[in-house]
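Q: Below are the features listed in Swiss-Prot for this protein:
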DOMAIN    6-186  domain 'UmuC'
BINDING   10, 104  Mg(2+) binding site
SITE      15  site 'Substrate discrimination'
ACT_SITE  105  active site
């Protein structure tokens, strides 16, 4: 078992919490972050809203049925990025091995941290306290020997808590861990696991690698390792990007049509980034991740730059139409990105 000290930091209901910080009169009410419209999906739900069964990626139509009193707040992605930058500034006081997963979560390798604190749990406690002091927002943390276990642990004491999983307790922890807690184990995978008599990671561990490959394809390799608490993937420090992108991990696996409901707000977010960086783009890429971690990408390249957000959304929707609507596929992530970047005004303002 690795002796690394990995922290997974996950902000609590991040988008909704930022909005509640800005509009404190809404505290205690079921708040959802979304553009109000019958065809929209929500970006986030406050903990009060979650008590009604609301969650991100749910359609506004469903929200209205489950919680007619929900308060709708439009998303402010520039503000979320600003707050995320504050949070990352806190991380950098302790380590430069930071792997962002999104605006509101990241892995940190604190095995050798700048403050020479021997206990990763103390590092996590200090980081969470600093985040709260500087942003007014709470974070949860999981501390473990690898990324897989740290991510599971961060969900254990949510919200505003942390859970330390030391190496000598990993096997006992996994023995009773519900399979639904395994990252990437969506509805399709879980249904197959249950049909094989699996209920916990301990049950999964009793299957040989070949059996798992037979039942789950190449995802079986990953399952075999995860059932034994093994994950050698390093924390990858953020590198300068050659493209600009935005994506969302869905709280549950969704069919293609429902996943496509996220394209409008993803396009809005991405266009804000393009505008802020003062660049223009000539290619658009759609990214989808299936329940079994297969990556599907589609790309369009134009002879001139994208003129506006509507053109970006249209391109993303065209790419979505190129994905075969395989009914057995469920998607757990959707994202769009732009490439072939040039400084603004360098290209002719034409749309091909």
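Cβ coordinates come from backbone N, Cα and C, glycine included.
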Q: Give the sequence-ordered list of residues that share a chain with residue 10 (Mg(2+) binding site), lie 6 or more positions from it, and have CB atoms under 8 Å from its CB.
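A: Same-chain residues close to residue 10 (Mg(2+) binding site) (Cβ under 8 Å, separated by 6 or more) are 104, 105, 139, 140, 141, 142, 154, 155, 158.
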Q: Tell me, roughly as an integer, the mean pLDDT over the domain 'UmuC' (6-186).
A: 93
Q: If one looks at the chain holding residue 15 (site 'Substrate discrimination'), which residues at least 6 apart in sequence have a CB under 8 angstroms from its CB?
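A: Expected: 33, 43, 44, 75, 80, 104.
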Q: Based on DSSP, name the secondary structure state of residue 105 (active site): helix, strand or coil.
A: strand
